[in-house]
Amino acid sequence: MAEVDWTALPGRLVVLSGASGSGKSTLVERLLEKVGPAVQRSISATTRPPRPGEVHGRDYFFVSPEEFERLRGDLLESALVHGSHYGTPAEPVRQALARGICIVLVIDVQGGLQIREKVPNALLIFVQTPSPEVLERRLRARGTDDEATITRRLTNARREIETAQRYEIHLVNDDLETCVDELAATLSQNRCGGGNAHD
Ligand SMILES: Nc1nc2c(ncn2[C@@H]2O[C@H](COP(=O)(O)OP(=O)(O)O)[C@@H](O)[C@H]2O)c(=O)[nH]1
Ligand SMILES: Nc1ncnc2c1ncn2[C@@H]1O[C@H](COP(=O)(O)OP(=O)(O)O)[C@@H](O)[C@H]1O
């Protein structure tokens, strides 16, 4: 696609990262219910197989490794995470930002740092559980992953938490509704959603 000045678009780009099981998907789902259409989330492409209940085009675009390679040139950022490829299709994000909508990217820290380079005015938020034990408990309770997958995600969690030092905003997802409120307030204070998307 043609060169885009991402910082000149009226909508704000928000990155939400956190270890697997930290609650990113749950938080964003609740946030979108709460704040309405001025905030939307981007749908990533991935080579990871769908989990039970996940829907193509709603949760992710589930693609083959070959399709992912063909898509590469159209991605705003991409990364290899827990052995699968993930990436953000650029054009839908550009169109939404051009309409003044705040777009949330639920992506890993490698992608977050690529966004920081490309879109310097993006807001980078990192979410953590109150402790590593709570993270492990929630990942197991989710019941979507086998033991090897859980072990891999817990190992990667340590590295992600170290990289998170470079994120400007840190949230602790202890009580869900409290954290959703904090996320909504953070966005509102940073010119995202809450009716001020056109400021
Ligand atoms: N860089 C990048 N990371 C992504 C993207 N989509 C999802 N991820 C990240 O990939 C990791 C694995 O996501 P997922 O397979 O849904 O597992 P979960 O984190 O356990 O729910 C998480 O850190 C996601 O935030 C993307 O488009 N780009
Ligand atoms: N504040 C919370 N308290 C208790 N359980 C939570 C909380 N936030 C999320 N969960 C649960 O933890 C699990 C992991 O959350 P999820 O949103 O899938 O994380 P992520 O998208 O970061 O991998 C899910 O089963 C979810 O229902």
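Glycine is no exception: its Cβ is also placed from the backbone N, Cα and C atoms.
Record features (TrEMBL):
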type: BINDING; residues: GLY18, ALA19, SER20, GLY21, SER22, GLY23, LYS24, SER25; note: ATP binding site
type: DOMAIN; residues: 11-188; note: domain 'Guanylate kinase-like'
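Mean pLDDT for the domain 'Guanylate kinase-like' (11-188) in the predicted structure: 95. For ligand 1, the neighbouring binding-site residues among GLY18, ALA19, SER20, SER22 are SER20, by Cβ distance under 6 Å. Within 8 A of the CB centroid of the ATP site residues GLY18, ALA19, SER20, GLY21, SER22, GLY23, LYS24, SER25, the other residues of that chain are VAL127, THR129, LEU135, ASN173.
ALA19 (ATP binding site) counts 26 other C-beta atoms within 10 Å of its own C-beta, drawing on all protein chains shown.
In this structure, LYS24, SER25 are the binding-site residues from ALA19, LYS24, SER25 whose C-beta falls under 6 Å of some atom of ligand 2. When the binding-site residues SER22, SER25 are compared by the number of other C-beta atoms lying within 10 angstroms of their own C-beta, SER25 comes out lowest. Annotation note: ALA19 (ATP binding site) sits in a coil segment as assigned by DSSP. Cβ neighbour count within 10 Å across all protein chains ranks GLY18 highest among the binding-site residues GLY18, GLY21, GLY23.
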